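So the structure is just underneath, and the comments pick up after that.
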Amino acid sequence: MSDDDQKPEDATPDGSEPAENQPDGETPAAGEGAPDQAGLPGWGSSDKRRGRRSGPMKKGGDARAAKQMFERVKTARGRKSSSTRWLQRQLNDPYVKKAQMEGYRSRAAYKLLQLDERFKLLKPGMRVVDLGSAPGGWVQVALKSGASEVVGIDLLEMEAIAGATLLEKDFTDADAPSLVKAEMGGAADAVVSDLAPWTTGHKTTDHLRIVALAELAAHFAVETLKPGGFFIAKVFQGGSDSDLLNFLKANFEKVRHFKPDASRSESAETFVVAMGFKG
């Protein structure tokens, strides 16, 4: 599951909630809704509670003008400030609104679209695997590109997407690569991952955790891809990814970094793109 789809546990939006299961959530610091775990946290864990609250609305032209300029969220009793910030950011995020209008389950869909626009990766007839696929934005992008087979894997149960196979499974299980290839009828052309662990707020710790997760995804890709295939994974900037990059350079012809416009400007996330799997 992408950190785009994580949110503080007590966050419930005022008015209509995003159609994409609260996408692109602000991952809370330890003690503010995120599990405080040593080592690598469960990459698919999330609280899926949803709800609506409506508060009093001010009348008059000034209030309407203010609403047009910026959507604000009233801090409710019992709601942490991190949740209020998350809700306010959601209401004012153009990619959240665009995802709602265009039918994507997550604003994260635009990251894959922009990665594909930059590197021209997705082609009709491909077999694509999406690791940590909930709620399904990247699966939707792969299907719209004309992929013949799309398999999404997540620890979370996902609502069905026509044309895709969705597995409620840990991709690090020993049998996961063979199971995926059996579902697709052969090796994959692409393995993509927008996975992120719960963040702690400590930059170095978060960087090390996401690099470890990307390394697991890279090993899965090497076991699953056909020669010539590509791999995409999210990492946080931090300078401790040399082992990951060396592994990718040993197994792929080209390795590049790219930060899509859909990634938040304040976010440390970037994507590593490995092309031309050597087999």
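Every residue gets a Cβ built from N, Cα and C, even glycine.
Residues or ranges marked as compositional bias 'Basic and acidic residues' in Swiss-Prot: 1-10. Annotated region 'Disordered' per Swiss-Prot: 1-66, in sequence order. Swiss-Prot lists Gly136, Trp138, Asp154, Asp170, Asp194 with the feature S-adenosyl-L-methionine binding site, giving sequence analysis as the kind of evidence. Per Swiss-Prot, the feature active site, proton acceptor maps to Lys234.
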- Item | Whole-number Å value for how far the residue listed as 'active site, proton acceptor' lies from Asp194 (S-adenosyl-L-methionine binding site) (Cα to Cα) | 5
- Query: In angstrom units, rounded to an integer, how far apart are the Cα atoms of Gly136 (S-adenosyl-L-methionine binding site) and Lys234 (active site, proton acceptor)?
  - Reply: 16
- Task: Could you tally the C-beta atoms, other than its own, that fall within 10 angstroms of the C-beta of Asp194 (S-adenosyl-L-methionine binding site)?
- Result: 26
- Task: Please find which two of Gly136, Trp138, Asp154, Asp170, Asp194 have the most distant C-alpha atoms, given that the record lists them as binding S-adenosyl-L-methionine, and give only that distance in angstrom, rounded to a whole number.
- Result: 18
- Query: Out of these recorded positions, Gly136, Trp138, Asp170, Lys234, which one has the fewest other C-beta atoms within 10 Å of its own C-beta?
  - Reply: Asp170
- Task: Would you kindly give the Cα-Cα distance separating the residue listed as 'active site, proton acceptor' and Asp154 (S-adenosyl-L-methionine binding site), rounded to the nearest Å?
- Result: 16
- Message: Test of understanding: give the count of other CB atoms lying within 10 angstroms of the CB of Asp154 (S-adenosyl-L-methionine binding site).
- Response: 27
- Message: What does the structure give for the C-alpha distance between the residue listed as 'active site, proton acceptor' and Trp138 (S-adenosyl-L-methionine binding site)? Integer Å is fine.
- Response: 13
- Task: Let me know the DSSP-derived helix, strand or coil state of Trp138 (S-adenosyl-L-methionine binding site), please.
- Result: helix
